[in-house]
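Record features, source Swiss-Prot:
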BINDING   Gly617, Pro618, Asn619, Met620, Gly621, Gly622, Lys623, Ser624  ATP binding site
REGION    799-821  region 'Disordered'
Amino acid sequence: MNKAISDLSAHTPMMQQYWKLKNQHLDQLMFYRMGDFYEIFYEDAKKAAKLLDITLTARGQSAGQSIPMCGIPYHAAEGYLAKLVKLGESVVICEQIGDPATSKGPVDRQVVRIITPGTISDEALLDERRDNLIAAVLGDERLFGLAVLDITSGNFSVLEIKGWENLLAELERINPVELLIPDDWPPGLPAEKRRGSRRRAPWDFERDSAHKSLCQQFATQDLKGFGCENLTLAIGAAGCLLSYAKETQRTALPHLRSLRHERLDDTVILDAASRRNLELDTNLSGGRDNTLQSVMDRCQTAMGTRLLTRWLNRPLRDLTILQARQTSITCFLERYRFENLQPQLKEIGDIERILARIGLRNARPRDLARLRDALSALPELQQAMSDLDAPHLQQLAQTAGTYPELADLLQRAIIDNPPAVIRDGGVLKTGYDAELDDLQSLSENAGQFLIDLEAREKARTGLGNLKVGYNRVHGYFIELPSKQAEQAPADYIRRQTLKGAERFITPELKEFEDKALSAKSRALAREKMLYETLLEDLIGHLAPLQDTAAALAELDVLSNLAERALNLDLNCPRFVAEPCMRIEQGRHPVVEQVLSTPFVANDLALDDSTRMLVITGPNMGGKSTYMRQTALIVLLAHIGSFVPAASCELSLVDRIFTRIGSSDDLAGGRSTFMVEMSETANILHNATDKSLVLMDEVGRGTSTFDGLSLAWAAAECLAQLRAYTLFATHYFELTVLPESEPLVTNVHLNATEHNERIVFLHRVLPGPASQSYGLAVAQLAGVPGKVISRAKEHLQRLETTSLPHEQPRAKPGKPAVPQQSDMFASLPHPVLDELSKVKVDDMTPRQALDLLYTLQTRL
């Protein structure tokens, strides 16, 4: 990090100017505009050269030291900025605001923008499929206020959360690229371990000033209308976010129009482990392939894709909203109405982010061209929605509206294919502004004007040797030979005498000169002014346009879900008041798409008589798939989607927990078993009788008896909590749980052996599995034949020699648990092995006694 320079007297004037600006932004890289380059100096240069793989050099001296520096062309800055932002860096853009031709000393410069990962809005720097969120948090270990802002859409929300565990789960859900925390928090707190965490001064979170700035932003007297007047901590966090956004953008933020109060009680909560295990929008390898999002997303717009991602990561418990979405999807499916709408939606584009850039006053010409095309497409879109009779769809159609005046304005203003930036002009159409047309005509047609003027003057004066010309010193002129100079008309004003010639100027030529010499720069300046005026006109319509964008995004998602329902054979789930979860012919929506063979659908039935299924069966038999598909079906139902099942009847759930798969946490110093136990503890502490719990192979990673005991106790606890539980295990001993826990039922995934090879049937059947087929799976995996053979020998010996071990005691008042052989017990003791080989009939009494003494010493 750079250190502040207090004594600037020894530095050159240029470096004094640089350090005055840099001292205010020591922890950020500074791009310092000098001519056609952004120059980067000192420690910033060393860091940028390494990150961007550009040459580090040194040029000149200041304060007796050479200046490390590197630079990038200003017209290529976008690519470099994108790379830095992806690396989590923030960049201060310092531009020349003075005129080099008139400046005495260094040209005036000022910071015009600060680009940070959470406040970028440039299309080239953003992932169009993901929200780009920045969050701020305030509070203590008991209660936290969290504010979340997407500056690229204007979405601004607050909520209050109890405890670190819930806060971290919510941060995992929203996954902000920046997280602002108070500077007076002690170091090392869990939130600070997230990438992108930044400390801000405590007064940025001060409640009263935050309340005042938020009211000013939304032009309200208080925040009661947003339902968050009493959320002291959340308001403080929101004020910090607003301050940070203004600081980085250096402009007003008219697209931030409201504050939404979110409540965790309105949602189905998924913790970090559950999101990871269910692979909602990111697979276990960190990619996007073979995720629920990849299967369910055929949205026509990027803003629709982002909204669908939000829905998948925030399933709802509001039955009114869910049923409105179901009705909308049903309406779209009638007569395949979605097919009429989707091509129209494709013409809309990502107007949500375009409108945000307009609000930030950094929209580019191509943004306005896309907005023009979108507004022009709205009438046809409205026509396509005219026969939609679902109330929610009618409301969305009404909100979308049309904007013929704005469409006409942009149609008149912006050329068909504008350049990427306004910098060099050429954006506005001929005919949009008469003065601009005149200036551009002067600039582009100066040569023709001079030819025409020369012809007119020759005709007027009768002087055939008259010439019209130009030089840089004297400008435009009319030249006559000295012999004809006396015949010059009275309106000719002598400008220059040459050997053998005289040069004149006329009022008409002088007027043209004044216009022509500055026409190009004046045309560019006027075009930029007109462009900024156009942006201001659009900002005046920002509120209804943003409402339109939100309505179109939701229409896109709902029509997409209708298309998915048709093409993936999804059916509408039915929510009921009775506590239950009944699925007929359920399928895993992702696995089904990647299989080359038909997917084997399975049923599930949980209700007041059965709250837990103990699932046994071979590895690769489909236990994990069966559990995951249940969770995904329940989750899809809670976003209002149709589900991959012949039928589904369920009550609302409050949480979805998963304890599936194995992974360690090396950075946190936690083993695989420790991670597993932490996830199990979280489930046991937070599950309720409305939660869906998936537990897969609990107890692995420790000794057989420890693991079995933990799994047994965890299963008993969940059964007593009455959570909807799928409990997959290889501990066959757990199949006796139904005898002591009446809400528990056994099911198994079946398989068979054919020609000594295992065949997985993937069918869920009642009762426990008959065997585990572990050796057959190992053989299928390619374990060497000699190892398989030796394993069979050990298995046979274990099955014939292992003694029953003591089972966990039954609870008081419950029947005793039948004893079973432990197929996982350790190998027999060598003494027992030797005893089994003794031929007793061939020994004398003395030999037998001696052998007993010998064996006794080995015990």
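Note that Cβ sites are derived from N, Cα and C of the backbone, with glycine treated the same way.
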Checklist entry - Can you check what DSSP calls Gly621 (ATP binding site), collapsed to helix, strand or coil? => result coil
Checklist entry - Within 8 Å of the centroid of the Cβ atoms of Gly617, Pro618, Asn619, Met620, Gly621, Gly622, Lys623, Ser624, which other residues of that chain place their own Cβ, given that this set defines the recorded ATP site? => result Leu749, Ala751, Phe760
Checklist entry - What same-chain residues, at least 6 away in sequence, bring their CB to under 8 Å of the CB of Lys623 (ATP binding site)? => result Ile615, Thr616, Gly617, Asp696, Ala728, Leu749
Item to check | Winner by Cβ contact number (other Cβ atoms within 10 Å) across the binding-site residues Gly617, Pro618 | outcome: Gly617
Item to check | Neighbour tally for Gly622 (ATP binding site), based on other Cβ positions within 10 Å of its Cβ | outcome: 24
Checklist entry - Of all the binding-site residues here, Asn619, Ser624, which one's CB has the most other CB atoms within 10 A? => result Ser624
Checklist entry - Within 10 Å of the Cβ of Gly621 (ATP binding site), how many other Cβ atoms can be counted across all chains shown? => result 26
